[in-house]
Amino acid sequence: MKLVLIRHGESEWNRLNLFTGWTDVPLTPRGESEAQEGGRVLQEAGFDFDLCYTSFLKRAIRTLNFVLQALDREWLPVHKSWKLNERHYGDLQGLNKTETAQKYGEQQVRVWRRSFDVAPPPLTVGDARCPHTQASYRGVCASGRTPVLPFTESLKDTVARVVPYFEEEIKPQMISGQRVLIVAHGNSLRALMKHIESLDETQIMEVNLPTGVPLVYEFEADFTLCGKRFLGNEADVAARAQAVADQGKSN
């Protein structure tokens with residue numbers, strides 16, 4: 001039993017080194033090429049799928065579209081969920097990571113980006129960046145007095161929405177024999193990787209997921225993890241992962 005994860009290709013705000021979170025930005029031409037290459041790599045390795053999952057954000061949706069084009073599988077069913085969205089970066093969304101590191105220090109930015117349970121400063125009610133008034137989320141209702149949609153998130157918060165969705169919606173499909181592809185985001189996929197690999201809070205801080213590169217997990221029938229590998233040129237995969245690690249440095 002296999003599961004393939006792909007982080008979306010480079011987005012416009014990745015290129016500009018801005019905190020993105022739930023801001024709905026497009027792919028760059030480079031990001032489109034990364035997505036196409038990810039699809040070609042899967043096709044050359046003989047992968048096929050029955051079911052796809054992605055987020056509400058266009059950079060992931062379009063990455064999936066490019067992958068499916070490369071596989072000649074554009075007709076496959078696709079399930080979209082906000083629970084696979086990127087981690088919400090709160091009031092940091094739209095800020096330059098390098099400038100933020102210069103202002104607050106690299107260590108503080110690293111804590112915001114890579115710690116497990118520290119959330120950035122939240123958005124305030126009425127901020128135009130809040131998802132609560134955006135058309136994409138009009139079907140997502142509040143639960144009681146506590147809004148379902150976040151104003152900010154730590155990775156711990158992201159795990160709390162991603163993992164139940166995986167366990168309740170995706171894993172049963174895999175167990176039934178469906179071949180699943182998930183295209184999502186750096187932190188929503190890190191949340192899932194933490195769960196699948198049983199990583200602790202320190203280990204997950206060191207994980208940098210490259211853009212557009214298929215990550216293949218293999219499982220026994222009882223869902224015991226028995227294999228993990230990236231598909232693609234090893235040097236290219238390492239270079240993309242290092243580029244992610246270098247974000248948020250002051251120089």
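Keep in mind that glycine also has a Cβ here, set from the backbone N, Cα and C atoms.
Remember, it's a predicted structure, so these values are computed and weren't measured experimentally.
E86 (active site, proton donor/acceptor) counts 26 other C-beta atoms within 10 Å of its own C-beta, drawing on all protein chains shown. The feature substrate binding site is assigned by Swiss-Prot to 7-14, 20-21, R59, 86-89, K97, 113-114, 186-187.
Under 8 Å, Cβ to Cβ, and six or more positions away along its own chain, H8 (active site, tele-phosphohistidine intermediate) finds L27, G31, A35, L57, R59, A60, R62, T63, V183, A184, H185, T211, G212. The active site, tele-phosphohistidine intermediate feature in Swiss-Prot is assigned to H8.
Feature annotation from Swiss-Prot assigns active site, proton donor/acceptor to E86; the stated evidence is sequence analysis.
There are 27 other Cβ atoms within 10 Å of the Cβ belonging to H185 (site 'Transition state stabilizer'). According to Swiss-Prot, the site 'Transition state stabilizer' annotation covers H185, on the basis of sequence analysis.
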Fewest other Cβ within 10 angstroms of its own Cβ, chosen from the binding-site residues G21, G186: G186
Binding-site residues compared (R7, R87, K97) - the one with the fewest other Cβ atoms within 10 Å: K97
E10 (substrate binding site), number of other Cβ atoms within 10 Å: 23
